[in-house]
Amino acid sequence: MTGWLLDPHLMRQRSGWSPARVTLAQLIALAAPVGVSVAERGAAQIGVLTTALVTCLIWEMAFALIRERALSWHTATVALIFTVLAPETLPLWQVAMAASFGVVFGELVFGGRGYGIVSGAAAAAGFLVFSFTGAGLATVSGAMALATLPGALLLLLGGLISWRVLVSAVAVLIAFGLARDGADSLLLVLTTAVFGLVFLVADPVAAASTQPGRLVYGGLAGLLIVLFDTIEGPAIAPAAIVFACLLASLFAPLIDYLDVKLAVRRREARHG
Amino acid sequence: MSLKHHLISPLIGNNPITLQILGICSALAVTTTLSTAITMSVALTVVLCLSGGVISLMRHHIPPSIRLIIQITIVASIVIVIDQFMQAFMFEMSKRLSIFVGLIVTNCLVLGRAEAFAMRNPVVPSALDGLGNGLGYSLILLIVGTLREFLGTGGLLGVPLVKTVAEGGWFEPLGLMQLAPSAFFILGLMVWLVRVLRPEQVERPEFRLETAEDRRP
């Protein structure tokens, strides 16, 4: 069986990780944010969660059947990230459509997790904002930001996200936050951005995969977030993070390519 | 190759958009509504058919070194006539299509058929080849235009078919369908569908990913 949908990035770094194990780690990291979103937004959020999960898994099973591959269950994490981003007031058929779009066009048409170029959850959220008039994304509360942190730590320790991406994105956000709103509101800038940074921008599929490239990619994502942020005041609009992530991840392969070229040139200069 | 072949094969088997991936820019730009898609289809089909015939008629007298200039001149003349005709008789439509009728000159499809077919074939097959390719292009444009207008506004040709939520009905228009990316998605799905039905159109992958299991002996 060659059906393992191994992420190329993970394959290089930790070949012991099976796709299902990666999914499991991400699900554990997402449990707290999803729990907080249900606690904050009530029973309607459970409907959103169930619809997103069922839709995503049906698509993954359909593609696994057609392609005769093993399930990685990874679309479940797409569903959970999307659940946190989607407002509970969203009609369930819109949830199903956006989740279908994200998971099919963001991941499955490319061949599954690790083969695409954008984060499936970001694609789903972007579809939501563009398609339905009045459908905004849910705002991120302080409790949500706190709940994101343990998961972020777990993913960092497991090597599933890169600290370089996070550090350079946060550095850019802090620099612009200081320049725009002063030191008092920095905390608000970071709390509203942290969930998107950890689960969308730092997603290894969306992010660059060379070490210096990750710094550049994180910085680019941070810069785009600042550019796209349309809300007055220090809080970051959730849509700004989604679109910054989509655009930055389109540049990730180019950043990696340039970094490899530079490394080759440096080596040639050293060894003649 | 029979005359019928020139007309039929570009419809699906050798479709200019889904197989040759030519003429994509106008396919994205003019398909927000069905009426613009129809007008553009007719204009392009006429240009393709006429330019194929005219260029084929002149093919023995065109010096190879300046053939592209002459081909473009012929295509541009026909396009200008059509553009002026539309401004005279269909002013509203010509305003909605704005620059895209004029841009037929630079449509890769027109020059592609002139260079690849009309320069080395007799007049009748060349005109039929132009007509066939124009119809293949039109077929895709009509499908994309129909889907985008219906899903994006709930109507066709400006006539509302289902009541939208704003009018008290049940249909929620998909805003994305009125934006250019949706045409890419629809085209992509159509290319996929055609290649599932006709596997001989599938291109060989440029490279393959190697999994850890492939490498093990």
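Placed from the backbone N, Cα and C atoms, the Cβ positions cover glycine too.
Same-chain neighbours of the transmembrane segment (A:20-39): 7, 10, 45-46, 49, 71-74, 76-77, 80-81, 83-84, 138, 141, 143-144, 147-148, 150-152, 154-155, 158, 160, 195, 199, counting only residues six or more beyond its ends whose CB sits under 8 Å from a CB of the stretch. Summarising the annotation, TrEMBL assigns transmembrane segment to A:20-39 (among others).
Summarising the annotation, TrEMBL assigns transmembrane segment to A:45-66 (among others).
The transmembrane segment annotation in TrEMBL covers A:78-105 (among others).
Residues or ranges marked as transmembrane segment by TrEMBL: A:117-140 (among others).
Same-chain residues lying 6 or more positions outside the transmembrane segment (A:152-179) and placing a CB less than 8 Å from one of its CB atoms are 10, 13-14, 22, 25-26, 28-29, 185-186, 189-190, 193-194, 197-198, 201-204, 207-208, 211, 214-219, 221-223, 225-226, 234, 236. Residues annotated as transmembrane segment in TrEMBL: A:152-179 (among others).
Positions annotated as transmembrane segment by TrEMBL: A:185-202 (among others). Away from its own ends, the transmembrane segment (A:185-202) comes close to residues 30, 33, 81, 84, 119, 121-122, 139-142, 144-145, 148-149, 151-152, 155, 161-162, 165-166, 169-170, 173-174, 177-178, 218, 221, 225, 233-236, 238, 241-242, 244-245, 248 of its chain (Cβ-Cβ under 8 Å, at least six residues beyond either end).
Tertiary proximity for the transmembrane segment (A:237-258) is limited to same-chain residues at least six positions away from its ends with a CB under 8 Å from its CB atoms, namely 85, 117-119, 122-123, 125-126, 129, 136-140, 192-193, 196-197, 200-201, 203, 205-210, 213, 216-217, 220-222, 224-225, 227-231. If you look up TrEMBL, you'll see A:237-258 (among others) marked as transmembrane segment.
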